[in-house]
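Trainee: Handing you a structure now.
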Amino acid sequence: MAKLYFYYSTMNAGKSTTLLQSSYNYQERDMNTLVYTAAIDDRFGVGKVTSRIGISQEAQLFHKESDLFVEIAQHLQQQPLHCILVDEAQFLTKTQVYQLSEVVDKLKIPVLCYGLRTDFQAELFEGSKYLLAWADQLEELKTICYCGRKANFVLRLNDKGEVVRDGAQIQIGGNDSYLSVCRLHYKEKIAL
């Protein structure tokens with residue numbers, strides 16, 4: 001039975017690596033996958049899911065205007081699809097999360113979404129909010145704070161390494177712009 005999955009975490013927990021491994025597992029069994037990533041995330045090149053450990057795969061791009069149900073249905077007419085994988089799922093819109101639930105419910109294709117739960121101000125991203133609400137299965141991917149505790153928050157750092165408290169929710173940057181930390185160190189650094 002197809003399901004909508006949401007694998008969420010903070011930065012540097014291996015979301016893209018896990019996505020790429022899942023896609024490979026399907027392909028190794030001669031099953032077709034369709035991989036998506038956000039058009040606004042071009043850190044490692046446009047139309048590519050890339051892991052920090054160096055593996056990558058070409059991907060379809062989604063924009064705020066993309067109708068994912070229609071796109072996936074069109075791909076399905078060209079070849080059978082066994083799994084849809086979405087990287088940077090925090091950038092999905094509410095409507096796109098609904099469209100992915102329709103892929104699961106009407107097209108009977110499992111959809112695996114990978115993304116951040118919250119931003120640097122500990123606020124939910126739109127895509128994450130609706131995936132947390134509508135996914136059939138939620139799984140947290142874990143990483144650790146510099147103190148060794150589980151990291152579940154992310155700090156945004158400026159070019160001097162100072163913590164940024166205000167600003168736009170979405171700022172595409174590499175690992176040097178963000179730091180995953182535990183709640184204790186998040187509160188200390190943000191000074192709420």
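All residue numbers here begin at 1 and follow the chain in the order shown.
For all residues, glycine too, the Cβ spot is worked out from N, Cα and C.
Dumping what Swiss-Prot says about this protein:
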- S9, T10, M11, N12, A13, G14, K15, S16, D87, E88, A89, Q90: ATP binding site (BINDING)
- E88: active site, proton acceptor (ACT_SITE)
- C145, C147, C182, H185: Zn(2+) binding site (BINDING)
Trainee: Check the Cα-Cα distances from H185 (Zn(2+) binding site) to the binding-site residues M11, A13, A89 and tell me which is shortest.
Mentor: M11
Trainee: In whole Å, note down how far the CA of E88 (active site, proton acceptor) lies from the CA of C147 (Zn(2+) binding site).
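Mentor: So the alpha carbons of C147 (Zn(2+) binding site) and E88 (active site, proton acceptor) sit roughly 27 Å from each other.
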Trainee: How big is the Cα-to-Cα gap, in Å, between A13 (ATP binding site) and E88 (active site, proton acceptor)?
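Mentor: A13 (ATP binding site) and E88 (active site, proton acceptor) have their Cα atoms 13 Å apart.
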Trainee: Which secondary structure state does DSSP assign to D87 (ATP binding site), in the simple three-class scheme?
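Mentor: DSSP call for D87 (ATP binding site): coil, neither helix nor strand.
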Trainee: Counting only residues 6+ apart in the same chain, whose Cβ is under 8 Å from the Cβ of D87 (ATP binding site)?
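Mentor: Listed in sequence order: K15, S16, L19, V35, Y36, T37, A38, V49, A59, Y114, G115.
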Trainee: Quick check: with C145, C147, C182, H185 left out, which same-chain residues have Cβ atoms within 8 Å of the centroid of the Zn(2+) site Cβ atoms?
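Mentor: Apart from C145, C147, C182, H185, the close residues are I144, Y146, G148, R149, A151, V181, R183, L184, Y186.
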